[in-house]
Amino acid sequence: MADNFSLHDALSGSGNPNPQGWPGAWGNQPAGAGGYPGASYPGAYPGQAPPGAYPGQAPPGAYPGAPGAYPGAPAPGVYPGPPSGPGAYPSSGQPSATGAYPATGPYGAPAGPLIVPYNLPLPGGVVPRMLITILGTVKPNANRIALDFQRGNDVAFHFNPRFNENNRRVIVCNTKLDNNWGREERQSVFPFESGKPFKIQVLVEPDHFKVAVNDAHLLQYNHRVKKLNEISKLGISGDIDLTSASYTMI
């Protein structure tokens, strides 16, 4: 379930032929709406001022020697979007995917601490391009962490880092339907440390979940519950101090 490539390599774009790759919106973001760095404002004549900007007046710097318009303002067409932050956080302003979440968010609990176990409501279910982010700190001498994407009493996706299973550290993923657990998928790469902070990100894709921890891709888990709109809650439990839990669209 895991591979050895870095998150930086995986962020080369949404057209990445590697099916494990994270979308290009993470880390290598294009400029925001209207950005087009280095391009002229859309219109018939390159260098033309944006509509409504003092008709008849030349844009700054268009004619050498002409009085400068709007001192200190950048020339039209060179408004780059905000710089992308470090790691896997998308910037606001990314268009939302079609589905129940028309805006980008983030939505969820404000910065904590939050009481564990904690339930994050997912009204409308989950949809492709939905990104869930959990921040916290592993407690000293921790035994387990669990994330449960729930559909009623069923668990569509169980993500369960275990710190000491027969003296081994392992991550177990599974699905529970009609009170019966399915086949376990086990992951030996274990990025969690007792007493250390962590960031878990879960990205919903059309046919699987992707999980990254501390900005590095960890695993993916194919959907066993196909009706994603019925997954209405994320349960967070285990030996952690929970700081925040939220979701957004990318």
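Keep in mind that glycine also has a Cβ here, set from the backbone N, Cα and C atoms.
Per Swiss-Prot, the feature region 'Disordered' maps to 1-60.
Taken from Swiss-Prot, the feature N-acetylalanine covers Ala2.
Annotation source Swiss-Prot lists phosphoserine at Ser6 (among others), citing experimental evidence.
Taken from Swiss-Prot, the feature phosphoserine covers Ser12 (among others), and the record attributes it to experimental evidence.
The annotation repeat '1' is assigned in Swiss-Prot to 36-44.
Residues annotated as region '8 X 9 AA tandem repeats of Y-P-G-X(3)-P-G-A' in Swiss-Prot: 36-109.
Here Swiss-Prot flags 45-53 as repeat '2'.
Positions annotated as compositional bias 'Pro residues' by Swiss-Prot: 48-60.
Look at Swiss-Prot and you will find 54-62 tagged as repeat '3'.
Here Swiss-Prot flags 63-69 as repeat '4'.
Annotation source Swiss-Prot lists repeat '5' at 70-78. If you take every residue in the repeat '5' (70-78) and average the pLDDT, you get 44.
For 79-88, the entry in Swiss-Prot reads repeat '6'.
If you look up Swiss-Prot, you'll see 89-100 marked as repeat '7'.
Here Swiss-Prot flags 101-109 as repeat '8'.
Arg183 (beta-D-galactoside binding site) falls within neither a helix nor a strand when secondary structure is assigned with DSSP, and so counts as coil. Other Cβ atoms within 10 Å of the Cβ of Arg183 (beta-D-galactoside binding site) number 8 in total over all chains. Sequence annotations record features per position, and here Swiss-Prot assigns beta-D-galactoside binding site to Trp181, Gly182, Arg183, Glu184, Glu185, Arg186, Gln187 based on similarity to another entry.
Taken from Swiss-Prot, the feature phosphoserine covers Ser188 (among others). According to DSSP, Ser188 (phosphoserine) sits in a coil region rather than a helix or strand.
Local packing around the Cβ, expressed as the count of other Cβ atoms within 10 angstroms, is greatest for Gln187 among the recorded positions Gln187, Ser188.
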